[in-house]
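Visitor: Below is the structure I would like to discuss, written out as structure tokens.
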Amino acid sequence: MNSVGEECTDMKREYDQCFNRWFAEKFLKGDGSGDPCTELFRRYRECVQKAIKDKDIPVDGVDFMGPSKSKTEADGSS
């Protein structure tokens with residue numbers, strides 16, 4: 001799947017490969033220490049945020065789940 005911004009697609013693929021490799025080779029084998037893909041994700045996220053802004057895609061009112069939100073907090077249920 002391509003990214004929302006064409007200029008971000010290569011970064012997305014690079015991050016996806018990094019994450020999938022880390023998940024399969026480390027995390028699933030019990031090594032949850034560190035995520036070597038953090039910097040790739042940060043750069044990809046910045047690219048996507050810029051693309052959303054440049055394309056004037058409205059995101060107001062959209063709830064995003066982040067590391068500090070559980071699904072029930074994000075969707076308003078308990």
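Note that Cβ sites are derived from N, Cα and C of the backbone, with glycine treated the same way.
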Visitor: Quick one: which of 8-18, 52-62 does Swiss-Prot have down as motif 'Cx9C motif 1'?
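Guide: Among 8-18, 52-62, the range Swiss-Prot annotates as motif 'Cx9C motif 1' is 8-18.
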Visitor: CYS8 (disulfide bond) has how many other Cβ neighbours within 10 Å of its own Cβ?
Guide: 21
Visitor: Is the motif 'Cx9C motif 2' (37-47) packed against any residues at least 6 beyond its ends, judged by a Cβ distance under 8 Å, and which are they?
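Guide: Cβ under 8 Å, 6 or more out: 3, 5, 7-8, 11-12, 14-15, 18-19, 22.
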Visitor: Pull the DSSP breakdown for the motif 'Cx9C motif 2' (37-47) and write it out as helix, strand, coil residue counts.
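Guide: Split by secondary structure, the motif 'Cx9C motif 2' (37-47) comes out as 10 helix, 0 strand, 1 coil.
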